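Q: This is the structure I have questions about; it appears just below.
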Amino acid sequence: MDFPFISTILLTPILAILLLFFIPPTSKKAIKLVAAIAMLISFLLTIYVYINYDSSAGGMQFVEKIPWISDLGVSYAVGIDGISLPMLFLTDIIGLASVFSSWNINKRPKEFFILLLLLIAGVTGTFIALDLFIFLLFYELVVIPIYIMVIVWGSTKRVSKEYAGMKLTIYLLIGSAFMLVGIVALYLQAFPPGMRTFDIATLSSAHLYGTLSIQFQIIVFFLMLLGFGTLISMFPFHTWSPDGYAGAPTAVSMIHAGVLKKIGGYGLIRLGLLILPAGAKFWAPLIIILGLANVIYAAYVAIVQKDLKYVVGYSSVSHMGYVLLGFAALNTISLSGAVANMVAHGIMSALFFAMIGYVYEKTHMRSVDQLHGLAHQMPKIATGFMLAGMSSVGLPGLIGFIPEYTIFVGLFAQYPILAIIAVSGIVFTAIYILRVLQKVLFGPRDSSFDRYDDAKGAELVPLFLLGTILILFGLFPQLLMAPINSGISPLGPFLERLSAAPSLLFTLGGI
Amino acid sequence: MTIGITHFLIISAALFCIGLYGILIKRNLFSILMCIELMLNAVNINLVAFNHFLPTPNLSGQLMVLFSITVAAAEVAVGLALIFRVYRDFQTVNIDKLNSMKG
Amino acid sequence: MEHFALTNTWLIPLLPAIAFVLIGLFFKRWAAISAFIAVLASAVSFILSTFAAFAVLNSGISVDAPFIQRVTWAEIAGLHFEMGALIDPLSVMMLFVVSLVSLLVQIYSIGYMQGNKSFGRFFAYLSLFSASMLGLNIAINFVQMYIFWELVGLCSYLLIGFYYQRIAAREAAKKAFITTRIGDFGLLIGILLLQTVFGTVDFLELKQILPLYIASYGTSTLTVIGILLFIGPIGKSGQFPLHVWLPDAMEGPAPVSALIHAATMVVAGVYLVARAYFLFASVPALLELIAWVGAFTAFFGASIALSQREIKRILAYSTISQLGYMMLALGVGSLTASLFHLFTHAFFKSLLFLCAGAVMHAMSEEADIFKMGGLRKKIPLVFAAMTVGVLAISGIPPFAGFFSKDEILSAALSVSTPMYLLATLTAFMTAFYMSRLLFVVFFGEETKAKLHNISYFMQVPLVILAILSFGSGLWGYICDFGYWIRFGAPLEEHMNLSIAILSTLLPLLAFALTWNIYVRKRWSADYIANKLGILYTVSFHKYYIDEFYALLCRIFIDGIGKIMYFIDIYIIDGIVNAVSGLVLFLSILLGKLQTGQTQRYAAAFFCGVVILLLCGILYFNTISGIVAGGGAL
Amino acid sequence: MNNDLNPALFYFLAAVMLLSALAIVYCRNLVYSALFMVVCFLSIAGLYAMISADFLAAVQIMVYAGTIVILIVLCIMITRRTTMERTNMPEKKYILRASVLAGLLFFLLAYIFVNSEVLPTTNNIIALSGDTVSGLADLLLGHYMLAFEIAAVLLLAAMIGAVVLAKGADEK
């Protein structure tokens, strides 16, 4: 067998955690270095995998499989395809960036980095798992470190950090409880005893054998929608997201908004659509409506926000609306757009949160009313803000444009009128992003900010890393779209069959 | 009537209930610990009795008692240390006064 | 060399882009190096553009048979993004104008921005703008055009807000971006509709598909698409009702106003309509709409310009008005006239802006024309250049504006008399406000202020542009611009003499009026303003459109936003918190059971045991059932 | 080996065991309670000896009657008050409820045991060959080897734990 790249990517942070246990809490430098090196190794390996992934061949590559609990049909199986590869890349780049953006953590750094690495490993695991059991295992692993990190290292503004942490955790756990019920039902229903398996690929073929009745698919997909929908902050289950990000420390906001949320979209595609196509077809109109609500409603709410983190929080809710729309339009173009948009939004929101984190760390202010003219004192941070803001607006040449455009094209084919409403989101996005940025960054120089430095040294790593990707994927979108296409385009015939099938119960009548 | 397993079971039940009664009414940690020992012994009697009266070819039941005694010894050691510690920290061994866990 | 330029037109936008990267990343701190790199890149671009233009002229490439290079940019199943270069007379003309004006403006900026601490940043932005604008010019499909369209919007945003320490500049930049974004919203939907309906956004392919499509499906969808697409140019080219950003955009440095908000970016809308003319022309209703929007905007802009006091604002409204002319020309079906006007306007309007910049530079950034006066002796070169510009824009023969405006007027007359009258009236107003500007600034009482020097870097571009403003119209006319650009035969082979005479006399009349009002002071300007009463007030306050939009924004953006936020935290979160409150309440109730007394737990536990045993005995009725497990050994 | 047990001996031992257990509960002096515990454990040892558990009887005497009770007495002495009188008073308000609960439990259990049909009778007892010590040793070092080792570790851990707890880890 070849070198187990995927497992190494997963295990490097975990090994680093073990190593961290033996480093005394006082040697802060060493702790940060270990974390950074571990993430760097993971990141480099991910790049290697990204480059060596054969987009023209597509399918699952770098697969590793070790039987684990054979009685239950569980095996440790990891691998990547065109959908999970960009997600894996996203996880590792944001993981690396988040380690550096936490460089100035001085309160219990050892515990912080252990939890951070655990979080990253958990997220990585969910994206590479080919086994539903492993997926769930990592998925549940993720919630706990987040809770502790918010409670201990978070910040209190409009809502207390305890409230924020609790809200975030409870929301996600309740969502995942529904999902768990659905998955167990699926496991029991899909195959007769003895043949039962948690293997995602095998489960994806179950609907072909007719063991999953349409009613069953509808119910189970609904349960999954509750779980994954909460995670992707689908309206009206979105309120955890702004509050949670506002309370969380920078690194958690980055990972949460950047990657964790995307498990929702990823899960909807990988588990929802592929395993339960009839369920997806049935609920798609509802998802479209809710996705639209996300886009417009959250954008409106973002317009009146004063706290930077709330603006970005609601903005991420709004952007996730596009992902939901892309998913629910159920064609290859829109799905590609949805996956790409997850990556795009991940990078830009992570950059946003990193920059907000720096500003807050230095000035202890986050309110649009208090901050102004920061471009004078912090030109580099201002550059980061502008990059993130502009790609959030969907400016061509940055990462945000192509995914959004692709989603719109896919959506237009299905629901032209609704698509127009969705496109109007670009105007609202411009309004709230520019209002905030111009207020915070530009304007007369305020000498009371003169004592705050610009970002320097290790702090620049996230800006450089994420900014590079932002521009690189913006100028050369094929780098991003090629693997995604290899993952989505084989679904073409499947999706065509699905859309040719009669609509179930309620439809939007092609508007 | 010959002495059968029922007799042993009944006296062990009685011992158990005495121990339980003691636990419920006592407030001194030492007496509670002692009553717990009584209950443990009641269980041990059961094990030995079944080992004797069941048509078993080996001494597994007795061996379980041996382990049970081992665990009991460990428990007493730790329990006493705990009581000792509590006494030093709170200057009392009255369980009613140790209610900082009250919800 | 010509062949090289033709086959490597992608270099034209790329060079300034490289300059942008170099300056932005490495040489921002060194003013001289930044300026050198930027100017060098622009100069090479200009040379390449010129050669490409010659190549087009010599090789028989026409609008119907363009030279196209394309490369796949991104590709997924069912969707294909292409980038490339479409070279035809139209794009070559734009390349030439844009690269020339941006080269001149960059040279001018060396003098204008001297000593500014953000000198490098300015040149980086200018280079980025040139790259984007040139990229827009060679776009082969709507998506590529949209991409560069957005990028020039970004540059405009960055450059308007270049003096970001000024709150007015920052607000103007935001306003520009958001207003044009509303236009882009329409444009994007139009493009998406094209993609959905036709499956392609490529200009050439669309052009081939379109007649067939119309034959089988009619023009109703096409009308919708056309209107949506036209919203983009309305935003970008400052047409009514999305013109509000353009006057505010004058907060940017003067070279920016000259380059972006006069000569190049704002004509992108015109260019887009021209590029997609096959689409618009296939639906007559669309053309009519465009014509009326153009005609009204031309009149509207001019009517506001009459009463403004700030030098650059007057020019901005004049730009709006002139862009209206170009749209009008497109609407009445004379692509040639429109582009001819675009061509001449680029030179004289950038000349005017650069002169205005020079004046302001000399006057230490004073903008109010009534605080200037008698400058003609102090800065004679600027005065001369400005005069050429004013004559050109007013349409005095043989200056450039005369020829292009004349063609528009005769084209308008051939379609609709009301439009022609509106356009002629606008021409009169144009001459009025331009001469007012000229006379107030350069004649009359001399200002006491000490003037700054105007460096050679600023003077040279003025001279070149003045020559172009004088000659480009005549040159175009003599060389038969319409034939040269090859959009078929020009509409008017010979000049319509009556139109020409009328459009010469009217500006002269306007000159006479302003001369008497502002120089001779025969009639008091205030008196006239009072006499006009409400008309003057409305014009001075720009028809209160800004105020109206601010109100709309407060109601429909902030108002609804606040309501939504209220819903979010009090209704949605209210439900969530209510549920959690209920759980908390229950948990407090249950928590009372946790007395902390271990014995109580033990008692509860054994109560449970007793109850279970009782249940077992009563339920099974036979004891054997209970102990069966234990006794079965 | 005689399969029939001596009823007199059984009833005597049972009576002593239960009475001393009650005495543990009812003595007002904690030290007396502890001493009655010795009696109780000794009688339990006697019962073990009756039903072929001679080794366990010895262990019972050594570990329980010897070591544990002594430990308890020691600890009582260390934490003692001025007088040991009234150190082992029952909480009056719980007596009724506790006795009802304990009594009910006893009667239910007794009811089940008496009426049970599946309990083994004395008739089918298989006489064990050899002495119990070697039998236990075989099991302990054979089949239950791992459990034995774990028990050893448990005792060690308990010992260390007890020492640390009693000594106080954070005291200099």
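Just so you know, glycine gets a Cβ as well, placed from its N, Cα and C.
Unlike curated records, TrEMBL annotations are generated automatically.
Keep in mind that this is a model prediction, so the values were computed, not measured.
According to TrEMBL, the protein carries these features:
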DOMAIN    A:129-429  domain 'NADH:quinone oxidoreductase/Mrp antiporter transmembrane'
TRANSMEM  A:6-23  transmembrane segment
TRANSMEM  A:30-53  transmembrane segment
TRANSMEM  A:73-100  transmembrane segment
TRANSMEM  A:112-130  transmembrane segment
TRANSMEM  A:136-156  transmembrane segment
TRANSMEM  A:168-188  transmembrane segment
TRANSMEM  A:208-232  transmembrane segment
TRANSMEM  A:286-304  transmembrane segment
TRANSMEM  A:311-330  transmembrane segment
TRANSMEM  A:342-360  transmembrane segment
TRANSMEM  A:381-403  transmembrane segment
TRANSMEM  A:458-476  transmembrane segment
Q: Same chain, outside the transmembrane segment (A:112-130) by at least 6, Cβ under 8 Å from its Cβ: which residues?
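A: Result: 6, 9-11, 13-14, 16-17, 20-21, 31-32, 34-35, 38-39, 42, 60, 63, 65, 77-80, 84, 87-88, 91-92, 95, 98-99, 102, 105, 137-139, 141-142, 145-146, 148-149, 152-153, 199-201, 249, 251-252, 255, 259-260, 263, 266.
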Q: Answer yes if the transmembrane segment (A:458-476) and the transmembrane segment (A:73-100) have at least three CB pairs under 8 Å among residue pairs 6 or more apart in sequence, and no otherwise.
A: yes
Q: To the transmembrane segment (A:6-23), which of A:73-100, A:136-156, A:286-304 is linked by the most Cβ pairs under 8 Å?
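A: By Cβ pairs under 8 Å, A:73-100 leads among A:73-100, A:136-156, A:286-304.
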Q: Which bits of the chain, at least 6 residues beyond where the transmembrane segment (A:168-188) starts or stops, bring a Cβ under 8 A of a Cβ in it?
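A: Here the qualifying positions are 132, 136, 139-140, 143, 146-147, 150, 196, 198, 203, 212, 216, 219-224, 226-231, 237, 240, 243-244, 247-248, 256, 267, 271, 275-276.
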Q: Can you tell me which parts of the same chain pack against the transmembrane segment (A:73-100), counting only residues 6+ beyond its ends and a CB-CB cutoff under 8 A?
A: 6-7, 9-10, 13, 32, 35-36, 39-40, 42-43, 46-47, 49-50, 53, 55, 58-67, 113, 116, 120, 123-125, 127-131, 133-134, 195-199, 250-251, 254-255, 258-259, 262, 266, 269-270, 339-340, 342-343, 346-347, 350-351, 354, 458-459, 461-462, 465-466, 469, 480, 483-488
Q: State, in range form, which of A:30-53, A:311-330, A:381-403 has the highest count of Cβ pairs under 8 Å to the transmembrane segment (A:286-304).
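A: Counting Cβ pairs under 8 Å, the winner is A:311-330.
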